[in-house]
Structure formats: C-alpha cells, structure tokens
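Student: Below is one structure. I have some questions about it.
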C-alpha cells in the first residue's frame, strides 16, 4: 500500500494499480476514531527512528572530526637502527635518513589528505541526510497536527458516547421505577375496587335495614302515642275518681290525696315531655316508677281501710286497673327507650357509612388522578423506549457499517480489487479448477461469475496477462452451463463472451472432457484438471466504496 490519506469526510487507499475511497454513512467521525490511535503510533515510531538515526550520524561525525592526524614519530625507519651500531657511518648515512623521513612525512600527509577528503564526503552525506530528516520531521509534524485534530474529534465522539450511555442507563432506571410504580398502582387500584364494591354492598344492605327499622320504629311510635293518649284518658278518669273519693277520705286519706296529686302532676309532665322523646322519656320513666311506688302504697292503705271503706271498693278496683295500666306504660316506655337507643346507634352507623362512602369517593378521585398520571407516565416511558430503540438501531447500524469498512480495508490489504459492488481476487498461483474453487470458498467467496458486459470487460482487462479460471462449469450436466455461486446463467447474454467455435468440449489424450471455463480475452472451455490462475468474487453490498 503506497498511500493512505484520512480526513473527516473520506478515506482514500491506494495500491500499485488501484485506489479506493471510503465515504462512511451516518456518524462519520466515529469511523475515523478507530484509525486515529494506530496512525499516531505509526507516526511516533517513525519519528523516534529518525531521531535515533540523526543522533547516531552526529555522533559518528563528531568522533571522526575529533581525531586529528598524528605522525607516528615512535616508528623509526630501519636505517636509524644502524645508528648505534655503526658510529663511524653517521655522516655517510645522515643524508639518507633525512630523505627517508621526508618520504615518510609525505606519505602521511597523503594519507591525511585522503582521510580529510573521505571525512568531507561523509560530512556532505550527513548534511544531505540532515536535510532529508528535517523535511521528514516537518512532514511528520503536519501529519501529527492532523492526527491530533482527529484525536480531539475522537475524544468528543467518545464523550458523546459516554453521555449517551449515561442517558440510556438513566432511562433504564426510570423505566424500572415506573414499572414498579405501575405494578403498585395496579394493586392499589384493585384493592380500591374491591373496597368500593364491599362498601357499596354494605351501604345497600345497611340502607335497606335502616329503612326497615325506621319503618318499624315509626309504627312503634304511633302505637306508643296512641297508648299514651289512652293513658292520659285513664289518668283523667283516675283523677276524677280521686276527686270523688277525696270527700269521703278527707280525714284519713290526706296522704293518699297528696300522692294522687303527685301522680297527676307526674303524668301531666310525662304527657308534656312525650313530644321530645330523647330527654322527657327518662324523666317520665322516673316519675312513672315513683307513681308506681305511690300507687303500691296507696293500694296497701286501701287494703288496710277496706273494712272501713266498703263504699270505696269500686274505687280500689279502678285504682288497681290504673296501676296495671301504669305498669304496662312503664314497660312500653322502657321498650321505646331501647328502640330510641337502637335508632341512635343506627344513625351513628349511617353517618359512619356516609363518611366511609365520602372517603371512598375521595380515594376513587385520587386513584383516577393517579391512573391518569400513570397513563401519562406510561406514554412518556413508551416514547423513551421508542427513542432508546431508535438509538440502539443507530448504534447497531454504525457497528455494522464499521464492520463492513474493516472487511473492505482488510480485503484491499489482501490485494482484492473492487468493481461495481463486488471484490475480486486475481491469484498468481496455479491450481486445478476444483482446488481454485475450494480456495475461494475458504475466503468466503466463489469463482467469479459474469453477469454484464462491464464485468466481462473488467475481467478481460485485469486477466490480459494470462488465462484465469472463472466459476462457469457444466461438469455433471453436460451442455447445461451453470455458475458455481448459484447465479442464473444467461445463455443469450453470454454468447458474445465465448471465443470462436467455443465451447467445443474437446477430448484430451487422457480422455478428460473440457467442462470448466477460463478467460483471457474471451471464454474458453478447458479440462477441469488443468492448472491456471483463478479469479474469486465476493459480494459485500458496500455501496459507499468507489474505485478511484
């Protein structure tokens, strides 16, 4: 891969003979976010290697420049060794020694000059390398700025993803709380409905019972009033009889007259207080009991005076009758008192039931309001669920898009070629047709099928260097051609793709027929056991890739 350029809108990849531009769909910055860390690492590694190279070059230059030329004076010429052994020949050899030293010095100067020229060349080479390194550093600096911008953009995208994850978590928590509230409200609503039904039944039965009891009490009151009127008449008669007997018992019946007067007053007060039953009934009962006592005393006195007052026998019988009637009235008053207490209890029960009914109505209104709020909350939760579903679909689509892009880049890196929505692999090895199909299958593809004139032209142009197997065969179905990838074979459209007099189904010396097809300029049937390069075809459905 010679070149790779990235920007926010497009990714362009070039090899020796093709370029592919990828334009992502949907959320574009996220697709570049995964490539940014790899590019940054590559740039950092290259920059580090270049810096190390420059440092070593400078060290080498410094070491070479810091070593000056030093004459090796400790090495004496062979002629000087004879100086100590032959003193007499010193004058004869002095001229020879000087010439020898001069030659050695000249040779060393020449060596120094050669070393200086080589050092100068190394310095020039290092300067040239330094210039190249500087230009590369500048280029890498510009690329590093672009990468930093992409990294910043990637960080923003990651922040947005984090915020989206937090929002999704919050929505899930709200959904769980709302579900629990809905479940609780449903239980409360069912309890309220059951309580309302029970209250209605109780109110209905209580109302019926109260109506019946009130009806019975009304009749009892009417009967009591009639009996009281009768008692009043009886008391009036008794008063008349008492006034008649008062003259006969003037001396001996003073106490009886006072008691009868007390009874008369008590009966009158009882008659007046019968209109207000709650308070006067108690007073009337006490007066009646008191009258009963007086009547009993009167009866005893009358029994004691029976011998003396034979003329008053009729009065005694009437008094006994009145006494019996008063006892009956007392019993009826006791009954009326109990009935009134029962009526008061019923009234309190009715009031309590009415308050319970009012409270139930209030609770029903509250439950209705809660139900409306629950419905609104349910609608809101449904909307949030729909929004969450849309976000999940968008994330899934983005993941699928990223996966497809990675597949495309991987195929391009493996020398697959893109054309018109499909990827093609042109092999350099040679295999029989069946082995070639196995290889294509192992790559998730099949031997290529041809369905259009443009695809035929593309294969012809790419396979011009030699014959290549394609996925057309009639093996096992002689004369009925089919594509191995399942694509329907269009015989009429494919007639122009065959070579002259092809297919001819030639029989080879080994008896094998030509049941498979290879292509160079046109199609030709060939024995399937022959070895040729092949063309694999893989459909990806990637619509955003374009051939540059």
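Cβ from N, Cα, C; glycine included.
Pulled from Swiss-Prot, these are the listed features:
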- 1-42: topological domain 'Cytoplasmic' (TOPO_DOM)
- 43-69: transmembrane segment (TRANSMEM)
- 70-548: topological domain 'Extracellular' (TOPO_DOM)
- 86: N-linked glycosylation site (CARBOHYD)
- 92: N-linked glycosylation site (CARBOHYD)
- 115: N-linked glycosylation site (CARBOHYD)
- 132: N-linked glycosylation site (CARBOHYD)
- 209: N-linked glycosylation site (CARBOHYD)
- 255: N-linked glycosylation site (CARBOHYD)
- 438-538: domain 'C-type lectin' (DOMAIN)
- 440-536: disulfide bond (DISULFID)
- 516-528: disulfide bond (DISULFID)
Student: Just name the most isolated of the disulfide-bonded residues 528, 536, going by other Cβ atoms within 10 Å of its Cβ.
Tutor: 528
Student: Starting from the Cβ of residue 132 (N-linked glycosylation site), draw a 10 Å sphere and report how many other Cβ atoms land inside it.
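Tutor: I get 12 for this one.
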Student: Quick one: average pLDDT across the topological domain 'Cytoplasmic' (1-42), no decimals.
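Tutor: Average per-residue pLDDT within the topological domain 'Cytoplasmic' (1-42): 52.
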Student: Any same-chain residues 6+ apart from residue 516 (disulfide bond) with CB under 8 Å of its CB? Would you list them in sequence order, or say none?
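Tutor: Residues satisfying the criterion: 433, 469, 472, 473, 475, 525, 526, 527, 528.
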Student: Taking 10 A as the limit, how many CB atoms besides its own sit near the CB of residue 115 (N-linked glycosylation site)?
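Tutor: By my count, 13.
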Student: For residue 440 (disulfide bond), what residues in its own chain, 6 or more apart in sequence, show a Cβ-Cβ distance under 8 Å?
Tutor: 425, 446, 447, 471, 534, 536, 537
Student: When DSSP states are grouped into helix, strand and coil, how many residues of the domain 'C-type lectin' (438-538) land in each?
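Tutor: Reading the DSSP string over the domain 'C-type lectin' (438-538) gives 22 helix, 25 strand, 54 coil.
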Student: Looking only at C-alpha atoms, tell me how far residue 132 (N-linked glycosylation site) is from residue 115 (N-linked glycosylation site), rounded to the nearest Å.
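Tutor: Between the Cα atoms of residue 132 (N-linked glycosylation site) and residue 115 (N-linked glycosylation site), the distance comes to 25 Å.
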